[in-house]
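The Cu cation A1 binding site feature in Swiss-Prot is assigned to 161, 196, 200, 207. Among the features that Swiss-Prot reports, Mg(2+) binding site is placed at 198. Positions annotated as phosphotyrosine by Swiss-Prot, on the basis of similarity to another entry: 218. The topological domain 'Mitochondrial intermembrane' annotation in Swiss-Prot covers 1-14, 88-227.
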């Protein structure tokens, strides 16, 4: 989860988020090199006493500033496409969960079970226990198994919402009348927090998301106790 005054991303919890972090660092390095080169050229132009007044057509230079940006764009596009296709890839998910956005709570339905569904509301500040996080805790957490592919179907009952969990690299729009899907695989157990990331009304900031990732045997015990 995020901490006050934190710089950078949250720790990656899924392979997708790791790829996103690598792509971010890769792109940031390219931007840094380009910015350094441009700054160097500007400083050189401002400090040099040499002036070229008869340079009207230099074909070699035109080829360089045409080919070099094309190469840079390819270096950015290739890893970007790899990550994009990785995010959309869904192979034999162990579990499918239908997530519906409402004003202003989430409802979860485990479609592989007959009667495993519940609503998830934010816990108000005056009901928090010691150690719980303000505006981030819910009464019913979404419990999932670790190290296994899970498919999440996202939609909305009323207005636009967005189901987002930053540490897993997830952000999927919840659109009324449309079903979007996303896959997640957690590499470690724990609690992972998110929030609705699409302005959806007066209580938009009171729609937290809490994922509790547990080993498979604990997930089976939890699902058996509720089903």
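The backbone N, Cα and C atoms fix where each Cβ goes, and this holds for glycine too.
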Cα-to-Cα gap, residue 218 (phosphotyrosine) vs residue 200 (Cu cation A1 binding site), nearest whole Å: 35
Rounded to the nearest Å - Cα separation of residue 207 (Cu cation A1 binding site) and the residue listed as 'Mg(2+) binding site': 10
Fewest other C-beta atoms within 10 angstroms, as judged across 196, 200, 207, which are the binding-site residues: 200
Recorded positions: 161, 198, 218 - member with fewest neighbouring CB atoms within 10 Å: 218
Rounded Cα separation (Å) that holds between residue 198 (Mg(2+) binding site) and residue 161 (Cu cation A1 binding site): 5
Number of helical, extended and coil residues in the topological domain 'Mitochondrial intermembrane' (88-227), per DSSP: 21 helix, 61 strand, 58 coil
